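Enquirer: The following block contains the structure, expressed as C-alpha cells.
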Amino acid sequence: MQPRATWATKIGMILATAGAAVGLGNLLRFPVQASQHGGGAFMIPYFIFLLIMGIPMMWLEWTIGRLGGKYGHGTTPGIFNLLWHHPLARYLGVLGLVIPFILCIYYLYVCSWTLAFSFFSLGKLYYGFNDLKSMGMFLRSFQGIEKGYFNSILPAYIFFLITFFTNFFIMYHGLAKGIERLCKLAMPALFLLAILLMIRALTLGTPDPTYPERNAINGLGFLWNPNFSELKHASTWLAAAGQIFFTLSLGLGTLQCYASYLREKDDIVLSGLAVTSLNETAEVILGGSIAIPAAVAFFGIQA
C-alpha cells in the first residue's frame with residue numbers, strides 16, 4: 001500500500017491552511033459586519049468568540065483530522081465514522097463534502113471576476129467610469145446582468161474557464177507539489193499586495209476636491225468609531241460569532257481534510273495559533289484598512 005501523502009514543510013502547511021481561511025471573509029465581509037454592528041464596539045464580541053469558540057474549535061478540528069489521517073481517512077464521512085460507529089455518522093460527514101463543493105461553485109465565479117477586474121484595471125478599461133453608477137453599470141454588463149460596455153457574456157465565460165483550469169492544474173499536482181507549493185508563493189504575495197493596497201487606500205487623501213468629505217479618514221471613522229449601544233442587540237453577538245466561523249473556515253470540512261495530512265510530530269496548538277494570527281492580521285488590520293476607506297474616498301459614505 002502506497003504511504004499517504006503529508007505536508008512537506010511546516011511553513012507550507014501553515015500557509016496552506018491560512019490560505020483556506022484568508023479570503024473574502026477577511027477583506028470584504030469583516031469590514032461590512034463591523035460597520036453594521038457597532039464599529040469598534042463590534043471587536044468586543046468578536047474577540048470574545050475568537051477566544052472561547054474560534055481557537056478551541058480550530059484545535060478540535062485539527063485533532064480530529066489528524067486522527068482520521070492516521071487511519072487513512074481524509075474526508076469527513078470516514079472521519080465521522082471513525083469517531084462514531086453509527087450508520088448516521090457517514091451521512092452527517094457528507095456535509096463536509098457538500099459544503100466545500102457549494103463554496104467552490106461560487107468562489108470560482110468570484111475568483112474569475114477578480115481576475116477579470118484586475119485585467120480591466122491594468123488595461124485601463126475603467127477609464128471614464130468614475131462614479132458609482134457608471135462603475136456599477138460596467139460591472140453588471142460584464143456579468144451579463146444588463147447591456148452596456150459589454151454586449152455579450154462571453155468575456156465572463158472566458159475568465160471563468162481560465163480560473164477553472166488553473167485550479168484544476170494546481171489540484172492535479174497534489175498536496176506538496178500543488179497546493180503547498182502554490183501557497184508558499186501566493187500567501188506572501190497576497191499579504192504584500194494587501195499591504196500596498198492598504199498604504200494606497202490610506203494615502204488617497206480627497207480624490208475629488210468638490211466632495212471634501214470623501215476621504216479615507218472618514219472611511220476609517222465610519223468603520224471603527226464605536227457605537228456601544230449595538231452591544232445590547234443579540235444580532236451583534238450573533239454576527240460576531242458567525243464571522244468567526246466564516247473567517248476561520250470552521251465546520252466546513254476543509255480543516256479536517258488538511259489536518260489529515262499532518263505528521264505525528266506537528267504541533268497542533270502552535271500551528272493553530274500561527275494560522276489564527278495570520279488570519280486575524282489579514283482581517284482586522286488589512287481588511288479594516290482597505291475596502292471601506294477606499295470606497296468612502298471615491299464614492300462617499302452612501303456607497
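Each position is counted from 1, following the chain as shown.
Just so you know, glycine gets a Cβ as well, placed from its N, Cα and C.
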Enquirer: Which one of 234-255, 278-299 shows up in TrEMBL as transmembrane segment?
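Expert: Matching range for transmembrane segment: 234-255.
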Enquirer: For the transmembrane segment (149-170), I need the partner stretch with the highest count of C-beta pairs below 8 angstroms, choosing only from 6-28, 88-108, 182-202, 234-255.
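Expert: Counting Cβ pairs under 8 Å, the winner is 88-108.
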Enquirer: What residues in the same chain, six or more past the boundaries of the transmembrane segment (182-202), come closer than 8 Å to it by Cβ-Cβ distance?
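Expert: Residues packing against the transmembrane segment (182-202) from afar: 11-12, 15-16, 18-19, 22, 27, 170, 216, 219-220, 278, 281-282, 285-286, 289-290, 293-294, 297.
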Enquirer: Within the same chain, where does the transmembrane segment (88-108) have neighbours whose Cβ lies under 8 angstroms from its own Cβ atoms, ignoring anything closer than 6 residues to its ends? I mean 6 or more beyond.
Expert: 23, 75-81, 160, 163-164, 167, 251-254, 256-257
